[in-house]
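Step one of this worksheet: look at the structure below.
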Amino acid sequence: MDLKQIAGEYAATFVKDGMKVGLGTGSTAYWTIQKLGQRVKEGLSIQAVPTSKETEALAQQLNIPLISLNDVQSLDLTIDGADEIDSNLQLIKGGGGALLREKIVASSSKELIIIVDESKVVTRLGTFPLPIEIIPFAWKQTESKIQSLGCQTTLRLKNNETFITDNNNMIVDCIFPNHIPTPSDLHKRLKMITGVVETGLFVNMTSKAIIGTKNGIQEL
């Protein structure tokens, strides 16, 4: 069985009857959603908030009941993947382009469980490019200010056209030559730049990590 599938399906066991659940986006969260769809079919009663249009479509296909985050005060649990995770449970997310909604849903949850395969576990964040969501207006000026923090940037494309997020924004992917020694500081500095909507750094948000390894499940 695929390591992502092992982690994703195991995470679904943390979802209990009556919970309000945030559904993540990406290839690992896909397996959690598939498993939850199966459990709903077997009688599990939950309400879910998707973190992307892609996840919304999958949940609808599996008949998982969906609600709007506007209609609830908080969620019991969100299960989502990550592009990188360190031993302090700090993350880089946004490889799939859903980082803003993912962060809104995660910050509205009492608990955030991150599911990854062992290849995503790193000593220091920053080998994977850091996604930053920016507004399209004057994006080159915003990109230039981001570059002034010492990174190389690439405007994200899809099918040779500018990638547009579910919120009609753009994404700049950033490589920092010396990785990211202090993610919380970098996040704050990036958020001070006018035009930056959100960063893919998730700091002090994760309750638990479930890692699919060749030797089985590991929890952090």
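Placed from the backbone N, Cα and C atoms, the Cβ positions cover glycine too.
Take the substrate site that Swiss-Prot assigns to Thr25, Gly26, Ser27, Thr28, Asp80, Gly81, Ala82, Asp83, Lys93, Gly94, Gly95, Gly96: the candidate from Lys53, Lys120, Lys140 listed for it is Lys120.
Sequence-distant contacts of Lys120 (substrate binding site), defined as residues of its own chain at least six apart whose C-beta falls under 8 angstroms from its C-beta, comprise Ala82, Asp83, Glu84, Ile85, Ile211.
Taking every pair among Thr25, Gly26, Ser27, Thr28, Asp80, Gly81, Ala82, Asp83, Lys93, Gly94, Gly95, Gly96, Lys120, the residues recorded as binding substrate, the greatest CA to CA distance is 16 Å. Of the chain residues outside the substrate site list Thr25, Gly26, Ser27, Thr28, Asp80, Gly81, Ala82, Asp83, Lys93, Gly94, Gly95, Gly96, Lys120, Gly24, Ala29, Val116 have their Cβ within 8 Å of the site's Cβ mean position. Under DSSP, Gly95 (substrate binding site) is assigned to coil, being neither helix nor strand in the three-state scheme.
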